[in-house]
Amino acid sequence: MRTIFNAKIGDAAYIQDELSSSLSSSVASKFKEFSKRKRISDSFSDLSEELERIGLRQMRKRIKLEKSFERTPKKKVQTKKHLPPVRKKDSVKRRRIIIASPSDEEHDGKVQTNDDSSENKTEKPKNQSNCSSNASKLSEAAQLLNVSEEKSSISETELERSRQVALNELNKSERFNKTETQLDISVMEVDSSDHDEEEKTEKVGAKNNRSLYEIVDSDDEEEQDQDQSDAAKPAESENHSEIKKSTSFMDQMSGAKGNKSVYEIMDSYETEDPKEAGKNEESDKDKPAENGKSDKDKQAETEMSDEDKPSEIKSPSTIKKSIISTADEEALLAELASSDLSHLEKMFNPLQKSRRQSLHVPSPELAAKNPKLRRRSERVEVGNDFCPSQSFVDMVAEKKRQKNKRKRLSKSLSGAPEDLEEMEIKHERKRLKSSHGASTDSMEEDNENETMTVAEEHHSDGEVSNGEVPIEEKPTTSSEKPSASELPEEGNSAPPALKKDVKRLQAARQAVSHAVNLLAPPKATEAEPRTLSRKLSPQPPVVDKKSAKQKKKGKKKQKPQEASPLKSSDEENHGHRIRTNAGYVTVVDEPPTKVPIIELIKTSSGMVRVEPCTPKQKYFRELPPTPKMHGFREEPGPSGMSRKRAKHAAPKVEHNSAKQAALRFKEQIFARRS
């Protein structure tokens, strides 16, 4: 560059060409290097991002798996290291069962993949030289992740399926969402070739990884149970449920298989159907999901699972126990079905008011044979030798017929059915007294005549009906009682027609009285007619008399308010007192004109008003038209002379003009005579 700048100024074009060529070559080389580095860094960053994404995905899957493992039961397969050491006094050959545990393989694979992912996360590129190694590591990690993903997908689907089975087997009451329907168990569709390959790999894994169980001969069962109970105590704190299941499994195996060799047991287990094995696995998974249930539910489930297992595994003792328990239950159910439990309904009912009764209730057969008798007199009827007379039979039949009749009782009435007719008669008399208290003897006679005519009509109707229907002759002697079914028919065949007619008459009367009350004004009912009007009116009073309380209220008349005496002060009596030159003049109000009370007379046609001009007495005299009759008031005359003397000897009147003028003036002012 220096050489170029030291050249002549005239060679500007040359300098420009040289500069551009040198710059372009250097920039191009640098740009190439930069783009190369950029490409590598971009590829590495892309790889790192991809790795992070895969790692996050894997972490999420791992968390999901852990959660599903918590929900769903883990396979509790007891390996040899968990099994407590069994001490035996006599040296007996122990037979071993080898069971595959594929969960260990999955666990190892997961640990490896997690370690690789954690290592890959921590690694970051620092120089260009590390890029190739990092890329190779990344590709390896991706391959491992893909492999682990393939493995975990199968296990995840299996776990999900088992979880759904467990949730379906839960009762509806124990679910959180009680309205939710049963979960649909999605069935996996797998190609047959892939499935066969997986089965082969599983079998190989099962052969490689097997756990051991010790099974002792059936001769030493008792000693083994004792040793197991002794050995189980320290291990209970760590894995209580696992030890219980393992011991029960060992007991079943020892009871069922007896003194078989190792190979026979292995063969029998290997030859089991794969479906049954899958069922057992599912039941094992379901057990921890239902840990929230009570101990009773657990016991019931264990019994059910024992029943579901094949009959080869069950020992004869357990079979006997189950048969005995079922027989007991059946017997108990049969007893309950046969016994009468009606008393239990009333026993704990708080609304049922009764005496304290013992729980022992006699059977219905005994109660039907020996009925409890209320009175000693009724015990006579129990004997079969009792032969009643015809009159007694008729009397019983009549009583039953009377009882079967419909009786209309008011709420206030209460009495035995025998006294009903007497009570009704008394009630009717009281009502008649209250309504017809003011009526005279003639009215009562009319009433009696009406009722008699009604009765005669009814009697004549009865005679006609009896004449039409032939009378049945009663049997003279009959030792047997009439059947209960015949008695109510007799009661229904002869209804009381007289009562119906009387009721119709009463209803008609009530309707007429109601119409009259509507026609007459309400004030008319207040004033009662006098003795004369009663004598004039031959009809009984239609309107029912008021009750005693209303009468008392009516008697209490309002007292007339007495006017206070006039005071002399002008302030108070300024409206009634006028001051004049002659003196004070008091203005007195006219007395209120008496309104004539209109009286009423009850006639056959109805209520009649009495006008004021109608005479009130039998005999009367006509009064002369005097000024007093027209409202004038008399005042006493001048004192000193009697009227007789004034008539016979008139006094001499002195004509004084001045005096007369003064009197005239006085009259004009005061309008009064002295």
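Glycine is treated like the rest: Cβ placed from N, Cα and C.
Comparing S20, S45, S218, S414 with the features listed in Swiss-Prot, the residue bearing the annotation phosphoserine is S414. Noted from Swiss-Prot: of S24, S248, S389, S604, the annotation phosphoserine belongs to S248.
Swiss-Prot gives the label phosphoserine to one of S193, S358, S568, namely S358. A helical conformation is recorded for S391 (phosphoserine) in the three-state DSSP classification.
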